[in-house]
Structures are given as C-alpha cells and as structure tokens.
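Engineer: My structure is below; once you've seen it, I'll send some questions.
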Amino acid sequence: MATTVKVLAKELKRTAPDLLEQLKAAGIEKGSEDDSITEKDKTVLLEHLQKEHGSAETGARKKITLIKRENSEIRQADSAGRTRTVQVEVRKKRVLVKRSDEAAALEVEEAPAKVIAPTEPVKSILSAEELEKRAAEATRQAELLARQEAEMKAAEEARQKEVAAPVVEKEEKPVDNAPDAAATAAEKKATADKAAKDLAATKEKELADIRVRRAAAEAEALAIRDMMSAPARVLKAPSEIAAEEAKKGTLHKPAKPEGADDKKKAVAKVGGKTIKSAETSSTWQEEGAKKPGGLKTRGDSSGGVGGWRSGGGRKKQRQIAEANVDTNFQVPTEPVVRDVHVPETITVAELAHAMAVKSAEVIKLLMGMGQMVTINQVLDQDTAMIIVEEMGHTAHAAKLDDPDLDLGTDGHDAELLPRPPVVTVMGHVDHGKTSLLDKIRAAKVATGEAGGITQHIGAYHVETPRGMITFLDTPGHEAFTAMRARGAKATDIVILVVAADDGVMPQTKEAIHHALAGGVPIVVAINKIDKPEANSERVKTELVAEQVVPEEYGGDVPFIPVSAKTGEGIDALLENVLLQAEILELKAAKDAPAQGLVIEARLDKGKGPVATILVQSGTLKRGDMLLAGSTYGRVRAMLDENGKPCNEAGPSIPVEIQGLGDVPAAGESVQVVPDERKAREIALFRQGKFRDVKLAKQQAFKLETMMENMEEGAVEAKLLPVIIKADVQGSQEALAQSLMKLSTPEVKVQIVHAGVGGITETDVNLAVASKAVIFGFNSRADAAARKLAENNGVDIRYHNIIYDAVDEVKLALSGMLTPDKKEEITGLVEIRQVFLVSKVGAIAGCLVVDGIVKRTSSVRLLRDNVVIWTGELDSLKRFKDDAKEVRAGVECGLSLKGYNDIKEGDQLEVFEVTEVARSL
C-alpha cells in the first residue's frame, strides 16, 4: 500500500499544507495531499530537515571506539599450601579519531628554520585526540609569535620616528645662546643615540628569542603531523602480531605467545625508580601512559601471575607458565582429507594410524561389510583401499618393496650415454636360426675371439661399422616369456627368422604373439632365399595375416631377405637392426651402480650357483655386492662371452658371474647395493612379507572365479583370454572359429595363442603373463608344464569333443555377464493409524491386506495409487515383539527408514529384488 502526503502528515502529527511546503522546500513537487510518497522522497525530506536544523552529519564517523577484554587466571597458593585460581578480566578501551581532509588541507606547512627532531623513531604514547590538540596549540603559538613579531616591528618604527621628531623641532627654533644650545643639543643627541642603540639591541634579542621559539613550535607541530600521518600500527591484527613475534623465536627459545607478553618487559631507571617501559602491545600503547604498571606483588615482575610464593618449585612454575600460554589453536571446521598410501598388505592398526582414526572405527566399518577382524588382522590392498575411500580419504597404491625405494637412486644424476641394442633371434628351429647366428659370428667377431659360441652363456655381442649389437641366444622362448611375465623388458628388438621355402609355422606364430604382447619391434629375416623353391611373397602374405605388415605394404616392419649359407643380406639385416635402435634412442648410465636381468642360472657342482647377467645400465665390477631377487652375494668371478675373466661389464654386455648364495630365477632383476647389510635386509624382506603377495600375483584366472575377478559395471567389453593347443591344424582352426563366434558386445573371447602339439612350458608362461586359460584338444601337457602350471595356478582343461569345449567356454562367458535384476511384488499393506513417537518418528499401525511382509523387504509408499516414496522398512513388530514376517490378515506396526510423511489411508507395496543369471 503506497503512502500519501495525508497519511504521512497524520503520522508526523502535522497538517498536510505544512508538509507540502516542507516537501517543496526539499525539492519534491507534490500537488495535493493525495499524492503518493516513495521511500526515496522520505529520505530526501529527512536529509533536508536535518540540514536545515543543523543536525545532519556532513561526513563519516570521526571516532571509533575499540574495546578489548582479556580473561586470564592467576593461581596463588594460600597459607595452607593449597592452590586457588582467581579469574581476572582486563578491559582496555581505545578511541581512534579520524582527521577530516579539509582540516588537513587548511594546515599551512612552513619549512622550519631549524628542525629539532628526535634521532630515534617517535613512539606515540598519546591518544589521537591529544595529538590533535597539541598540533592545534603549536599552530596557534606560531601564529601568535608571528603577530607579536609584527607588532614589535611596528612599535619600533613608531618609536624611532618619535625620537627623531624633537631633534628636528629644536633645530628649527631660533638660536638665542649658540654655545649652550649646541652643547645641549649634542648631549641630547648622544643620549638619544645610545637609547636607540640599546632599544634596538633589546628588540633584536627579543626577535631572535621569538624566532627560536617559533622554530621550535613549528618543528614540534611538524613532528606531530608526521606522527599522525604515519601508518597506524594499531590496525595490525593481534594474530599478525603474534605471527611476527613467533618468527623472532629461536630453536631453543621460541617466541613468546601474545597472551604471555606481559611477563618480561623492558625496565628503565628514572631517578632511581623502576618503572615499566612503553614497549607493550602496539594495540594498547595509550594505556601505558595513562595507567601505572601491572599488579604490585612484592617485587614479582610477573604481574601477580606467580602468586605470593614460588609455587612449588620449577615444575610448578613451568605448569603455571604453560597454563597461561595462548596456543592460538583453532578447532578444524571441515573434515581433513588425507592421502593414504596403501601397500600390498597392511594391518588394521596400521591402516587406522595412517588415517588418524581409532582402530575401533575401522573394525566397525569392516564389521558392517561382513568381516570380523582384529587390530592385528592383515588386509589386502583392495580391501584397505575400499576402507580408506569409505572413510572419506584418498587412497593411493604404494610401491611393492618399501626397502627398494632407495635402490637405483645413485644413478639418477649420471650422464645417459647411448647403449648397444639387445636383440633376440626367434623363429622355428628348422628355419636356419642357428646357421644365421653362426654366419653373423663368423663375419663380425674378431679373429682373436675365434672359436665356437659359448653355449652355457647363450649371449654375445658383435662389432659393426655403425656400432655394437648384443645377441641373446636363449634355448627356445622360455626366458623371453618369463621376463615379460615378470614385467621386465630385456629385449629391445626381435629378429624373426622365417624360411622362404616353408613359410609361417606354428612356432613362428607363437614368436609373433610374444613380440606383439611385449611391445617389441620386429625385424623379419626371410632365410634360405638361395633355394630354388623359395617364395618370399608367400611368406609376406602369411605374415600379413598374423598382423605383421611389411614396409612395402604400408606397414612398419622391415623384411630383409638373407641367406645363412652364402651370407647374402647379413649386412642389410644388421643395418636395419641398428636403424631400429636409433629410432628407439636407447640410452643408459655408465658411471652408476649396475642394474640388469638374469638371463639364465644353474647350479654348478664345482662353482656353485652360476648366473648369466645382462647389464642394462651402470657398470658391474668384480667385488660388487649384488642383489638378485631374494638372494644376494659378492661377485667373486666374472666371465665374458668367450669364457675369459673380466673385471667389469658395461650396459648391454652379458657376463657370467659366480658368488651368489642361491640360484636366482630366470628373469629376476639384479641390482648392486652399497653393502652386505642392505642386501641382507632387502632379501629377507622379500622372502618374508611378500611371499604371499608373490603367490597371489602368480594366480591365473580360473573359470570358477572369473566373474569375481572381472570389474563390475565396466563400459568396455570383458575379455576371456584362452590358449588353444590341438592335435591337428584343422581341429585347432575349427575350435578357434567356434569360440570366436561366442563373442558378444559385452563379453568377448580373446585367443592369445592357438597352436598344434602338446602343452609346453612356453604355453604355461604365456598363460601366466596374459592370465589365460589353456584348452587342450586331444593334446596333453608334459611333466615340466604340469608342474609349472600347478605352481602358478594356471587352469588347464582337456577335451576330446569340440562341443564340450564350446559349452564350457559359453558357460564361462555367461558367468561374466552382468545379472538382470527382477522385482517381485510379495504383499500389500494398508495403513490404519499413525502414531508419532519422540526419538523414533512416525509409527504406522497396519493391516496386511495381501501376501506377506518381511523385515528385509523393500516397500513403496502409495498415496491415491501414486508412488511417492521407495525405500526399506526400519522396523516390523507384532504387538511388542519384533517380527521377521507378517502374513495376510494380520495387523502389525512398522516404521520406514528415513521417512516420516505417512498418513492414514496410505498403502505400502512390498516387493523383493532378485538377480537372474543371464545366458548367451
């Protein structure tokens, strides 16, 4: 409702014409008393009336009053020795006066004749109001002195005129008696001159005194103005003052908190009397000039904090001092989110300590998840990370070997230099691999190194015009597969040897799968091109089917035709290998502790454990302490590829060493450690705590646990990796095609390797690396493969009928499918009456109309046949007893979990959600 002039005049108890005149005077044009008045018009009218009566404020607030209260406790011991606590409240008040800009502009600043200023910084102990008064007084004194000086100058000029006037008159009079008149005139003139000189000297002295006083007054006024215009220290917050004082503390004597700053103050001697200095808190400096020192306590400088007595020795005094220290502690208002690094295994107590919570909280959460644990229970990494996430913290997977964290750090600052490539020659045994290696050795190894290849080391290097190449001649592919299964990459480039007259064979495909899975570049050497039946184009076509595309077909794999018999193409093959090495930019540190890999190891009856080491970075020297997996030892002897002793080996150089305490496993990483103590510590750590972790890593996926190991809710399709070995090529191809047809957009069959023949150790190692299941169709595993599969937990399935194999894979894929959820309505409940119970909420008295109601069932709340809420039951009772279920026709009482908006006449629809397994 708008306010009119008439209504406003009635509220102000004035007549409407008078109010119209006042509005007109304020610049508000209103024609009649029925015109409306806005809030803006009222504000303008109020300002006009205040200005007219002289009560309007022309500026902002000029004074700000600060009131500070400090509460403290004083502990004193009475005559009986008992300590009592006295509550003390100190109130401090301060008024800040803000100077107006107009007053500051009107002040006339004159350069002083002589500036009398203190050499030290001026420390104000006066209030702003007192300083302003003093500045005004100094200005008035300067003006008064200037006026007095002007008046004295005018009086002096007038007096000189009066002295000179009688002399002139006497000169004008007629001279009756010339001698007497002349003598009298001379005497009077001398007297007048002397009086004038005395008066002038007196006036000059007075003027000099006035000038000195004026200069002093102006200097004082200037100093006061500088003090007032300087930045006020009182605007600094107490927390900032405490922070600055804390920075001045030392390690052994920290800075004193703000609450205890009155214990030690500077003491000055003035006239033999001890007084407090003005070095108090800068916020309350004015009170230091107005009030006397602290409490008088018989010479106690602590202001009475210590009481009348000593307080029971140093311990008591220390407790009193600690009680009065202000720690500035602030209770956190938000939950603290911590970054928790979770290792492979961790106990409940260690996990609680990492999250800074009590162990009972972690145990309670685990009990809610269905696990009964104690504080010493060991949790795996996945469970521990779930606990950390549930408690609102951020979980990070820690590194596996904590003692190994500092290994290899010595070589980080070393210069990285180019190293020779490590090349593995792979292929079918009948395709001339050994002949090709012999040809390379005979062509590139110096005559001084003549002789057969040292078979027990299985590795050597050759020199070419463009650099050196290290070859690994391991028997079969077991070592290469084992290395990839352990996460190591010992090989940089793979030379795939394929016979031009035989084409791609099963072992050739296996080698391709190994290389592609390890991400190692391939150089194809088409051997036996000197034979009449050689067909290089057929080999290229077959390799394209295995995802090995030559460069002339648009791929990235170089194909080099060679002949191990005539030596044709050997130089081109080595040239392409070095070209691939340049593309990879292989570098390693030379002046650093050696790191490498175990190529193969054996137990010699005369030498003990012997291991072939490939140095990957650094330099291995004789006498170094070497750590290989869980075994260690000092290098007692070192042999090169020709069986000759050597003292050191650089990057990409294979050597055979002696001195380890046990035979290491093939593929284990080796590291030079500083001393034996460090090596023993890490070896024992790996043998003990991580034995279970190692076994867990070696567990392959089994058909029975496939659904548990797969990630739930993954967007990408789930894969079932399999390895197929059959008796004949036709059966292997038929089985592979039948299994591939089972793939759907949700689950797919991934054939890691399919071959012909028995199941070998190579197949088991490949299954460990790819977590695959091995299917043997009319083929069996040998003794070594069975033992390796049993140790690593690889699942091997034997079948004689192809349909049985297809049905088993189909069943496994069905288990990997996400189950469907189906709802089934089990009952209907009608709410007859609603009771409100404090601390519980709304309780519904119900009648089961149809079906059955269970305590664990889910419900929907229906109001006028419209679903308004879906949830669970909080409680279900029959009379006063808890009930697990209530059937149709029986009354019961129930409450809903987290919902109280229920009314009489509502209905509850009871349903259960069941999971239905899907099938292909």
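Note that the numbers count up from 1, one per residue, in the order the chain is shown.
Each Cβ is built from the backbone N, Cα and C atoms, and glycine gets one as well.
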Engineer: State the residue range annotated as region 'Disordered' by Swiss-Prot; the candidates are 149-197, 590-638, 639-687.
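Structural biologist: Swiss-Prot lists region 'Disordered' for residues 149-197.
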Engineer: Select from 331-334, 411-414, 527-530 the stretch of residues annotated by Swiss-Prot as region 'G4'.
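Structural biologist: That would be 527-530, the stretch labelled region 'G4' in Swiss-Prot.
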Engineer: According to Swiss-Prot, region 'G1' applies to one of these ranges: 27-34, 35-42, 427-434. Which one is it?
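Structural biologist: From Swiss-Prot, the annotated region 'G1' range turns out to be 427-434.
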Engineer: In Swiss-Prot, one of 117-121, 452-456, 742-746 is tagged region 'G2'. Which stretch would that be?
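Structural biologist: Feature region 'G2' in Swiss-Prot: residues 452-456.
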Engineer: Looking at 81-84, 473-476, which one does Swiss-Prot call region 'G3'?
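Structural biologist: That would be 473-476, per the region 'G3' entry in Swiss-Prot.
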Engineer: Could you count the residues of the region 'G4' (527-530) that DSSP puts in helix, in strand and in coil?
Structural biologist: 0 helix, 1 strand, 3 coil
Engineer: Taking the Cβ of Ile529 (GTP binding site) as the centre, count every other Cβ atom within 10 Å, in any protein chain shown.
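Structural biologist: Cβ-Cβ neighbours of Ile529 (GTP binding site) within 10 Å number 22.
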Engineer: By the DSSP assignment reduced to helix, strand and coil, which category contains Asp430 (GTP binding site)?
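Structural biologist: The three-state answer is coil.
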Engineer: Find, for the listed binding-site residues Gly427, Lys433, the residue with the lowest Cβ contact count at a 10 Å cut-off, counting only other Cβ atoms.
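Structural biologist: Each of the binding-site residues Gly427, Lys433 was scored; lowest Cβ tally within 10 Å is Lys433.
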Engineer: Averaged over the whole of the region 'G4' (527-530), what is the pLDDT?
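Structural biologist: Across the residues of the region 'G4' (527-530) the model's pLDDT averages 87 on the 0 to 100 scale.
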Engineer: Using DSSP, break the compositional bias 'Basic and acidic residues' (186-197) down into helix, strand and coil residues and give each count.
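Structural biologist: Final tally across the stretch: 12 helix, 0 strand, 0 coil.
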